[in-house]
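Annotated features, as they stand in Swiss-Prot:
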type	residues	note
BINDING	H17, D171, A172, K173, K237, F238, D246, R252, K253, A269, K273	ATP binding site
BINDING	D19	Mg(2+) binding site
BINDING	E45	K(+) binding site
BINDING	E58, Q106, D246, K277	L-methionine binding site
REGION	106-116	region 'Flexible loop'
Amino acid sequence: MSRQNYIFTSESVSEGHPDKVCDRISDAVLDAFLTEEPEARVACETFATTNRVVIGGEVGLSDQAKLREYMGRIDQIARDCIKDIGYEQDKFHHETVEITNLLHEQSAHIAQGVNAAEGKDEGAGDQGIMFGYATTETPALMPAPIQYSHAILRRLAEVRKNGTEPALGPDAKSQLSVIYRDGMPVGVSSLVLSTQHLDPDLTSADIRAIVEPYIREVLPEGWLSADTVWHVNPTGKFVIGGPDGDAGLTGRKIIVDTYGGAAPHGGGAFSGKDPTKVDRSAAYAARYLAKNVVAAGLADKCTIQLSYAIGVSKPLSIYADTHGTGDIAPAAIEKAIDTVMDLTPRGIRTHLGLNKPIYERTAAYGHFGREPEADGGFSWERTDLAEALKKAV
């Protein structure tokens, strides 16, 4: 029997966090190539530090002239990302930061294992394990600690960028310790919020006065009480932020990107990777499947694991765990999953429409628990497979 009464903690980071700056640039590069060619191959990594951004990795287009043209756009893509995030500080400014582009063409040896040949479906871009998770504890079928940690930072970014709160800077982190009773979230025992601020004379109390109304706005009513412990900018001043304060790298916030530690993680990052890479596409598929299992009423919680081998199209294994919250045997759910969805790399991309420039928007505030969008963004958050799963079990 799983625990019913406990405290669980998750954190999030803002779009201005150094690692998220890098995720954003990597996904913006990916979107640029997918705009030109839906089958483009991209593995883009970004490093950011004081006054410098380095972009490297592998890319591939069928048209070599177009490939050279797009290579020339990388500098401006990175600057546009930094500008939109809001960095205009002396040692990290979108106009003056030095951009180094080390991207090159994808290895033919990798391509031969992934590309479809006559009579053979394309293989997975790498080996690996991917997890998906869903739970009834929030309307988005996400764990509450990570979902509301994201919501706090997203709201603070909105009021910073629209000019309502000009004292706030782009770099911020949140952390919520959520109280569970009978397995459901009911309150917050402690809250941590650290945000960069542009006025060096602001105190922690000043910052709390700015952010507290927005935090109360996004959290469910009654979750904050007199017993909730607040830590707002607990170290004091936070003026130097972003890549000038700490170096950033693509792919270092994989728990923030997923379930906040409430579910297993296979270890593969998402940003900068085109959807032939199962680190990304199969993790999206696993979330889609888990969410649809829960949306179908087959369980209150569901964890899905998929595994792949490089160059092999079909998953090596499908695993489901409903954590004792459903009446359907996990083995029956596994069989149903294999029946209702093609889990080859191409099958996933086709089913979820992943060969589109829909990735830059995923780079901050979580890849999961978002609303599906009209242009195909966050398609893995749809629940259109629920009825098929119910029939298949």
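Sequential numbering from 1, following the chain as shown.
Note that Cβ sites are derived from N, Cα and C of the backbone, with glycine treated the same way.
Overlay of Swiss-Prot feature records on the structure.
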| residue | record | DSSP class |
| --- | --- | --- |
| H17 | ATP binding site | coil |
| E45 | K(+) binding site | strand |
| E58 | L-methionine binding site | strand |
| Q106 | L-methionine binding site | coil |
| A172 | ATP binding site | strand |
| K237 | ATP binding site | coil |
| D246 | ATP binding site | coil |
| K253 | ATP binding site | coil |
| K273 | ATP binding site | strand |
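For K253 (ATP binding site), the nearest neighbour among the binding-site residues E45, E58, Q106, K277, judged by Cα separation, is E45. Across the residues annotated as binding L-methionine (E58, Q106, D246, K277), the widest Cα-Cα separation comes to 30 Å. Counting every protein chain shown, the Cβ of Q106 (L-methionine binding site) has 19 other Cβ atoms within 10 Å. Cα distances from A172 (ATP binding site) to the binding-site residues D19, E45, E58 are smallest for D19. Rounded to the nearest whole angstrom, the C-alpha distance between Q106 (L-methionine binding site) and D246 (ATP binding site) is 30. Computed over the region 'Flexible loop' (106-116), the whole-number mean pLDDT of the model equals 56. Taking CA atoms as the reference points, D246 (ATP binding site) and D19 (Mg(2+) binding site) are 9 Å apart. Neighbour density for K273 (ATP binding site): within 10 A of its CB lie 27 other CB atoms from the protein chains shown. The distance from the Cα of K277 (L-methionine binding site) to the Cα of K237 (ATP binding site) comes to 41 Å.
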